[in-house]
Each structure stands twice: as structure tokens, then as C-alpha cells.
Amino acid sequence: MAGRQSGWSQAALLQFLLGMCLMVMPPIQARSLRFVTLLYRHGDRSPVKAYPKDPYQEEKWPQGFGQLTKEGMLQHWELGQALRQRYHGFLNASYHRQEVYVRSTDFDRTLMSAEANLAGLFPPTEVQHFNPNISWQPIPVHTVPITEDRLLKFPLGPCPRYEQLQNETRQTPEYQNMSIQNAQFLDMVANETGLMNLTLETIWNVYDTLFCEQTHGLLLPPWASPQTVQALSQLKDFSFLFLFGIHDQVQKARLQGGVLLAQILKNLTLMATTSQFPKLLVYSAHDTTLVALQMALNVYNGKQAPYASCHIFELYQEDNGNFSVEMYFRNDSKKAPWPLTLPGCPHRCPLQDFLRLTEPVIPKDWQKECQLASDTADTEVIVALAVCGSILFLLIVLLLTVLFRMQAQPPGYHHVADREDHA
């Protein structure tokens with residue numbers, strides 16, 4: 001009986017000690033989402049331009065060329081709804097201005113896409129309704145003039161070094177072979193469209209126009225057969241590779257997509273060291289923006305980013321306090337976002353590894369790296385000459401000042417004290 005009581009007392013003591021340990025031990029922090037960056041393409045739009053023989057000119061489109069359509073508005077509203085569901089519990093259910101910052105390129109279609117997206121992401125709560133009959137609230141979208149945009153409008157320029165890389169790309173076997181293989185096809189398309197000097201780099205305009213017209217139920221001309229449109233689509237994808245790859249992809253990335261990636265990484269690093277807002281940073285831009293970024297990350301799938309597609313960066317704080325980055329690409333509204341893996345890192349990539357692996361494509365000084373080698377040398381010589389000239393000028397001025405003062409002194413001048421000493 002005494003042994004049983006002793007056993008019970010030992011068990012009670014162990015339970016008591018365990019409870020005390022749990023009370024004094026710091027709680028284990030669960031893995032948590034800390035920050036999200038989104039880059040999405042605008043929604044469905046009208047063609048950017050028509051070709052000379054196009055039966056559908058600008059007056060065919062309600063708002064003219066390059067404008068967001070009702071379909072595009074709906075695509076982004078639905079994306080906003082999907083994001084609202086994905087980040088339920090992370091973002092406030094109602095719009096809170098300190099949680100969200102949105103920047104767009106200065107195009108009607110990207111600005112309107114961002115607004116439609118925000119309408120789906122943050123429908124007004126009862127207290128936010130300014131009119132009971134309108135289920136919408138204004139949310140700010142920021143932008144800069146196109147001529148000043150050095151973040152989202154690609155390709156970035158002017159950049160002589162990038163243009164030099166493009167000229168080198170035109171001399172590669174891949175580009176040359178593609179030109180030879182498609183020479184007759186390009187001539188045929190040029191003849192049917194009335195376009196002059198059609199190249200691998202400009203053919204995408206023809207595909208884009210036909211794609212927009214076909215998407216909106218317009219009858220294509222007889223020459224634009226399914227086989228022709230498919231061939232145009234393949235050349236259009238090649239034009240994206242030409243812009244950001246094929247030749248010296250890392251150097252191109254430093255001058256193009258790496259600029260945007262640098263800003264994204266700067267924001268991720270900042271959010272890992274502070275609890276400041278915002279929680280969500282959104283960029284509304286173009287297919288070229290997405291391709292430039294994904295080529296810099298080396299995760300591009302070789303296909304044009306569809307309307308309202310969205311590249312997602314999620315910053316997590318792990319239960320051990322460290323930070324990790326996960327990437328996703330939503331390019332199909334009927335499927336969950338596709339996980340993207342940075343080469344050399346698992347999908348849940350530690351932030352420090354993410355920064356290290358992307359360092360080769362991050363420019364140190366974009367303006368300087370954009371200069372040609374001869375321009376850089378000339379600039380250094382000019383600066384050196386300017387410095388030497390300035391120093392020489394100052395020495396001459398100083399010398400002239402001394403000489404002037406010496407000549408200004410009267411020749412018979414003596415101190416009074418001297419006169420008294422020799423009286």
C-alpha cells in the first residue's frame with residue numbers, strides 16, 4: 001500500500017514538474033505568412049494596333065486600341081476574389097489602407113485591371129458603403145509617367161549595353177536559323193497584311209491582332225488559317241525569348257528583369273526585419289513584365305503569360321524564427337496557382353539562399369552597367385581631366401592672387417616700428 005502511494009506521489013510530482021516546465025518555456029511559434037508581393041498582367045484587351053489590310057480598324061472597338069474589355073474587367077475581379085479567399089485570415093476582411101499598396105504602369109488597361117482586381121479583393125463592408133446601391137469602394141492605385149517608369153515597363157531603356165546584347169543575339173545560330181526557316185512565311189504574312197519589313201521581332205503584333213479579333217468572335221481573313229495562327233503563336237513566343245534570353249541571359253537579366261527583382265528582394269528583406277505595413281504589395285503590368293521577371297528568376301515556361309496571370313511571392317516566418325520564400329504562378333483561373341521553384345533551392349526556399357542564388361542577376365549600378373565599355377572608359381578619362389583641370393585652375397587663381405597682393409604693396413612702405421628703430 002505504501003509502495004502504491006509512493007508511485008502515485010512520484011507521478012504527481014513528475015506531472016507538476018512538467019507543468020512548471022511548460023509554463024516557463026517560451027511557446028513554439030507556428031509558421032506564419034508575413035508578406036505577399038503580386039505581379040499580374042492586365043486582363044483581356046482590344047488589339048494594340050491593326051495591320052494596314054485589317055478589315056477591323058480602331059472604330060470596331062468600343063474604346064479603341066489597347067483598352068481593357070468587359071471580359072478583362074471580369075477576369076481581374078475574379079482574380080481579386082481568388083486572392084481574397086487565398087489570403088483570408090492574413091489580410092483584413094475589409095480594406096485597410098495601411099495593409100495594401102498597389103502600383104501600376106501608366107496605361108489605361110493596367111490601371112483599370114488593378115481597380116477591378118481590388119473590387120474583387122475588397123468588396124465594401126456595411127460601414128464602407130457610400131451608397132447602398134453600389135457594392136464598390138475606391139481604392140488608390142499609384143503610378144508614374146511611362147517615360148519615368150524604370151520598374152515595370154519593359155524592356156527598360158535607353159540602355160546601350162542591352163542594345164548591344166540584342167545585336168549579338170541577332171548573330172546567334174538560333175536566331176539566324178529561325179530567320180532562315182521562316183523567311184517565306186514572313187514574306188507571305190507581310191504580303192497579306194500590308195506590313196513592311198516584318199521580322200521575328202515585330203511578328204507578334206500580327207498574332208496579337210488576330211488573337212484579339214478571334215477571341216471577340218470576329219471572322220478572320222482566309223489567309224489566317226488555324227495553321228498560320230499557330231505558326232504566328234510560336235514566333236510570338238520566340239520574340240519573348242529574344243527580348244530576355246537566347247544569348248547571355250544573365251547579363252540581359254541584370255539590365256532588365258533583375259531591376260524589378262532587386263526591388264522585390266529589397267522589400268522581402270525589409271519585411272523580414274520589421275513588422276511594418278503593408279502586408280500586400282501589388283504590381284499591375286504586362287506580359288513583358290512577367291517574362292522579364294521570370295527569365296531573371298530562370299523559371300519562365302517559354303509561353304506568353306495569359307491575361308490576368310499572376311506571379312506570387314510569399315514570405316513566411318518559420319517556427320524557428322527564420323524566413324523563407326515561396327513562389328507561385330496563377331496562369332489558369334480554373335486551377336490552383338502552380339508552385340515555382342528557384343533553381344538550386346527547394347520550393348520553400350530560405351530567404352538567405354534566395355538572395356544568394358539571385359545575386360548574379362541583380363545590377364549593382366544599372367546606369368553604369370548600361371554603358372558600353374568604351375563609353376565607361378571615356379567617361380573616366382573625362383572625369384579625370386575635369387578634376388585635374390579644376391585643381392590647375394585653383395592653383396592659377398591662387399598664384400595670381402598672391403602676385404596681385406605683392407604688386408599692390410607701395411615700394412617705399414615701412415612699418416612705423418622700423419622707422420623708430422633706425423632714427
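Glycine is treated like the rest: Cβ placed from N, Cα and C.
Note that the structure is a prediction, hence the values are computed from the model and not measured.
Under the heading active site, proton donor, Swiss-Prot lists ASP287. The local packing around ASP287 (active site, proton donor), expressed as other Cβ atoms within 10 Å of its Cβ over all shown chains, amounts to 20.
Sequence annotations record features per position, and here Swiss-Prot assigns disulfide bond to CYS159-CYS370 (among others) based on similarity to another entry. Long-range neighbours of CYS159 (disulfide bond) (same chain, six or more residues apart, CB within less than 8 Å of its CB): LEU255, TRP366, CYS370.
Annotation source Swiss-Prot lists disulfide bond at CYS212-CYS310 (among others), citing similarity to another entry. Sequence-distant neighbours of CYS212 (disulfide bond) (same chain, six or more apart, CB under 8 Å from its CB) are ARG45, SER46, PRO47, listed in sequence order.
Long-range Cβ neighbours of CYS345 (disulfide bond) (same chain, at least 6 residues apart, Cβ-Cβ under 8 Å): ASP353, PHE354, LEU357. What Swiss-Prot records for CYS345-CYS349 (among others) is disulfide bond.
ASN92 (N-linked glycosylation site) carries neither a helix nor a strand DSSP state and counts as coil. Annotated N-linked glycosylation site per Swiss-Prot: ASN92 (among others), in sequence order.
Per Swiss-Prot, N-linked glycosylation site is recorded for ASN133 (among others), and the stated evidence type is sequence analysis. Around the Cβ of ASN133 (N-linked glycosylation site), a 10 Å sphere holds 5 further Cβ atoms from the protein chains shown.
The feature N-linked glycosylation site is assigned by Swiss-Prot to ASN167 (among others), with sequence analysis given as support. Within the same chain, no residue at least six positions away from ASN167 (N-linked glycosylation site) has a Cβ under 8 Å of its Cβ.
In three-state terms derived from DSSP, ASN177 (N-linked glycosylation site) belongs to a helical segment. Under 8 Å, Cβ to Cβ, and six or more positions away along its own chain, ASN177 (N-linked glycosylation site) finds no residue. Residues annotated as N-linked glycosylation site in Swiss-Prot: ASN177 (among others).
A C-beta separation below 8 Å, combined with a sequence spacing of at least six in one chain, links ASN191 (N-linked glycosylation site) to none of the other residues. Here Swiss-Prot flags ASN191 (among others) as N-linked glycosylation site, drawing on sequence analysis.
Applying an 8 A CB threshold to same-chain residues 6+ apart, the list for ASN197 (N-linked glycosylation site) reads ALA190. As annotated by Swiss-Prot, N-linked glycosylation site applies to ASN197 (among others).
The Cβ of ASN267 (N-linked glycosylation site) lies under 8 Å from the Cβ of PHE35, THR37, LEU281, each on the same chain and at least six residues away in sequence. If you look up Swiss-Prot, you'll see ASN267 (among others) marked as N-linked glycosylation site.
DSSP classifies ASN322 (N-linked glycosylation site) as coil under the three-state reduction. Sequence-distant neighbours of ASN322 (N-linked glycosylation site) (same chain, 6+ residues apart, CB-CB distance under 8 A): PRO350, LEU351. Residues or ranges marked as N-linked glycosylation site in Swiss-Prot (evidence: sequence analysis): ASN322 (among others).
Per Swiss-Prot, N-linked glycosylation site is recorded for ASN331 (among others). Cβ environment of ASN331 (N-linked glycosylation site): ALA305, PRO306, SER309, CYS310, TRP338 lie under 8 Å away, each six or more residues apart in the same chain.
Taken from Swiss-Prot, the feature transmembrane segment applies to 381-401, supported by sequence analysis.
When the recorded positions ASN92, ASN133, CYS349 are ranked by how far their Cα is from the Cα of ASP287 (active site, proton donor), CYS349 comes first. The two recorded residues, ASN92 (N-linked glycosylation site) and ASN133 (N-linked glycosylation site), have Cα atoms 23 Å apart. Across the fold, the C-alpha of CYS349 (disulfide bond) and the C-alpha of ASN133 (N-linked glycosylation site) stand 46 Å from each other.
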